[in-house]
């Protein structure tokens, strides 16, 4: 009988039970079966770790219920003497609806963009309490909220509370001076104390019966639920005796007080929203502007709470306990992450500043280049969200076309724009920048992206496993693509003529040693016979074969060998839940956003290439380093974030596939497209790379395949990949700039 100490033999195990499906007791509970079954379960739990924890995705491992009368002995008992080929059987992931199931299925398809966020609205009851608190309105009175003296509340006092309270006092003074606005002055005085420290206090909208409209002075009611006697209010009968007085008081308030406070709360709202963790303060200001300030003074009541379990009389308008919440990085508006929402105005600022201030009177080229590069990040997010939404709501053919067409649109837009500008100016430096950026994307996605995901995921999970067979397909395509891309470079090294720009005789002897600089292989010797007769046909041949190999890889993984992913997505609902799909973006809306984002991406890429020339010329840093880091990795930041989120969920397979798919698309799609583009629009781009690019790319691919060989990893292996990436960056940092720059 096989035991846990025999690594060469494994029992055949059943699919893992879910927490939602209780186990069926075995009829042979008195025998040794439970003991053996528990050993196998523990063995499977250690091995069956491919998909990881998908709880945050709203999915779970699913197995149909088996009636007790039909329960069969566990497969560990039934096949205890058999050798298990693989403990991981086909896994069924249950999604919330058919659209979300389609999105999850697309994540495991080769060539499709991996997307972490939901494309449909999650049911409210399926969300965690932390997420529910993010979306709740500030009008819920809690029984026990704890102490209000927190770091976030103190930060609110220092940033907003003191000057906002002072402004309310000044407005109250103005209202009292006008006499007619005295009721609103009293309201502002009370609100000054509230906004100085609003935590643990309640603003209510109360009804004023006509029978109670009498002027009462010095009378207040008390309650066991309140923190003392009710604050005195300016009673309506003291000032609404006539309609004229009421209208005059409201007019004074709308002219002198309300606009100033709206501007102040607007500033607080925008500032707090941009800080993200202070979004509760933004909600507080927005709700105060829209729900509190427009009310008549007699209908606003401010109370301080000690503790309450019984609902208060009257409608609660505002009740805030915390000014900061670190979980607001999960907040989304119509399915869009709050970071992408906050960065969207940056795109508008970049476009206006870039095209209106062409002579650089307001800002310089460095600022415009930085803004254009930062604007690419939210646009990449919107493009990815649109692609995922369209693919999830369409059939396989439409999804494949959209992913193939727009999957690399971010990088290709920048590369083509740079090549066109270099061709117009006759500057070969732009072609070298594009080659360096291509190499930087390849090296970064092979080393940095999976390495960073391994490190972050390994901090939470001691050891992570992934589907080595699916990773092997991408690795094989990477070997093929790297060999094909650098084949013309190796050919030129063998048959090209070495030409040097500056040579100096070191020994002062005509037959002595020479020290040469700016050496390169000349392919244009003898009127370019070598290049046009041999190298260029080889480049075109490679540019046709690589996309063909990519299509074969798609057909292999998506048609004939889909079982290697060992995944099945079911569109049935969770137990006890039945929800219809409420998509964030419809197909037409996603298509419009995709086209607009692509158009804005083209404009930002044009601005980036327009203002990169002074940076490359005046910078003391090597152009190699700028290209392989900033230009290569900034457009990939949304993909890196998705990979990290998958790794934290112990789903390292998708984290690795993100980097591999980008690297494969660089070699098999982006580079051939750039080569074919030069046929219709002649540029200085040739598929001949420097030695540094060749060695860095090949070494990265070999190291990545060595690390991924056994199908498991930990944070140490991820650290190795990240350290090697930083070493290569150091090499690029100290390398001299390429010739022509």
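Cβ atoms are placed via backbone N, Cα and C, with glycine included.
TrEMBL has this to say about the protein:
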COMPBIAS  23-37  compositional bias 'Basic and acidic residues'
DOMAIN    151-201  domain 'Inner membrane component'
DOMAIN    367-487  domain 'Sodium/calcium exchanger membrane region'
DOMAIN    590-732  domain 'Sodium/calcium exchanger membrane region'
REGION    1-37  region 'Disordered'
TRANSMEM  154-179  transmembrane segment
TRANSMEM  251-281  transmembrane segment
TRANSMEM  336-356  transmembrane segment
TRANSMEM  362-384  transmembrane segment
TRANSMEM  396-417  transmembrane segment
TRANSMEM  437-459  transmembrane segment
TRANSMEM  471-491  transmembrane segment
TRANSMEM  538-558  transmembrane segment
TRANSMEM  662-681  transmembrane segment
TRANSMEM  687-708  transmembrane segment
TRANSMEM  715-735  transmembrane segment
Restricting to CB pairs under 8 Å, which listed stretch, 336-356, 662-681, 687-708, 715-735, is in contact most with the transmembrane segment (396-417)? 662-681
Outside the transmembrane segment (715-735), six or more residues from its ends: residues with CB under 8 Å to it: 436, 443-444, 447-448, 450-455, 457-459, 621-622, 624-625, 628-629, 692, 696, 700, 703-704, 707
For the transmembrane segment (437-459), sequence-distant contacts whose Cβ falls under 8 Å of one of its Cβ atoms, 6 or more beyond its ends: 411, 414-415, 478, 482, 627-629, 631-633, 636, 639-640, 643-644, 646-648, 650, 652, 655-656, 658-660, 662-663, 666-667, 670-671, 689, 693, 696-697, 700-701, 703-704, 713-722, 724-725, 728
Surrounding residues of the transmembrane segment (687-708) on its own chain - C-beta under 8 Å, 6+ positions past either end: 435-436, 439, 442-443, 446-447, 450, 466, 468, 471-472, 475, 478-479, 482, 485-486, 488-490, 492, 521, 523, 535, 539, 542-543, 624, 656, 671, 675, 717, 720-721, 724-725, 728, 731-732, 735, 738
Its residues classified by DSSP, the domain 'Sodium/calcium exchanger membrane region' (590-732) shows 117 helix, 2 strand, 24 coil
The domain 'Inner membrane component' (151-201) - residue tally per DSSP class, helix then strand then coil: 42 helix, 2 strand, 7 coil
